[in-house]
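S.K.: Here Swiss-Prot flags Lys21, Arg35, Tyr47, Tyr131 as substrate binding site. Annotation source Swiss-Prot lists Mg(2+) 1 binding site at Asp57, Asp62, Asp94, citing sequence analysis. Annotation source Swiss-Prot lists Mg(2+) 2 binding site at Asp62, citing sequence analysis.
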Amino acid sequence: MAFENKIVEAFIEIPTGSQNKYEFDKERGIFKLDRVLYSPMFYPAEYGYLQNTLALDGDPLDILVITTNPTFPGCVIDTRVIGYLNMVDSGEEDAKLIGVPVEDPRFDEVRSIEDLPQHKLKEIAHFFERYKDLQGKRTEIGTWEGPEAAAKLIDECIARYNEQK
């Protein structure tokens, strides 16, 4: 049986091109400006998370969705997960899922991070390697993993979330 990519609902907090880091306050049901990036850098893709997951850093599992155009905070995108970036942020593992919109025909053939232009992967890695430099915080970029590893990571984060409930 052939592998099928995971399809998830990505809850977007930060649109592509933004320098503002928004976070959703679940208790109050509002988006709050967490901070403006200290560095003159911009988010290279839609940035959000998967609801009902718990990553190793204690937050929901992060996801970047590569889109044709920016969306808005609160947008939910049906997303085909194509891999993830291993990284460490302030000493904690902080994987970043990578996906593409199911409902955009420009990405119909994209099933793996290998289907993206290598330059796009370099942009994403560079952003996360440098975006906290002027805050004096360190991040470390690890390896890229494919869709099968991403599916396993999602399942682990769902199980961790369910154990914490």
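Placement of Cβ uses the backbone N, Cα and C atoms for every residue, glycine included.
Please situate the listed features within the shown structure.
M.R.: The local packing around Tyr47 (substrate binding site), expressed as other Cβ atoms within 10 Å of its Cβ over all shown chains, amounts to 22.
Taking Cβ-Cβ distances under 8 Å and a sequence gap of 6 or more within the same chain, the neighbours of Asp57 (Mg(2+) 1 binding site) are Asp89, Glu92, Glu93, Asp94. Asp57 (Mg(2+) 1 binding site) falls within neither a helix nor a strand when secondary structure is assigned with DSSP, and so counts as coil.
For Asp62 (Mg(2+) 1 binding site), the count of additional Cβ atoms within 10 Å of its Cβ stands at 22 [all protein chains shown].
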S.K.: Cα-Cα, whole number of Å: Tyr131 (substrate binding site) versus Asp62 (Mg(2+) 1 binding site)?
M.R.: 16
S.K.: Across all chains shown, how many C-beta atoms besides its own are within 10 angstroms of the C-beta of Tyr131 (substrate binding site)?
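M.R.: Cβ-Cβ neighbours of Tyr131 (substrate binding site) within 10 Å number 21.
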S.K.: Of the binding-site residues listed here (Lys21, Arg35, Tyr47), which is spatially closest to Asp62 (Mg(2+) 1 binding site) when Cα positions are compared?
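M.R.: Considering only the listed binding-site residues, the nearest one is Tyr47.
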S.K.: Counting only residues 6+ apart in the same chain, whose Cβ is under 8 Å from the Cβ of Lys21 (substrate binding site)?
M.R.: Ile14, Leu33, Asp34, Arg35, Val36, Leu37
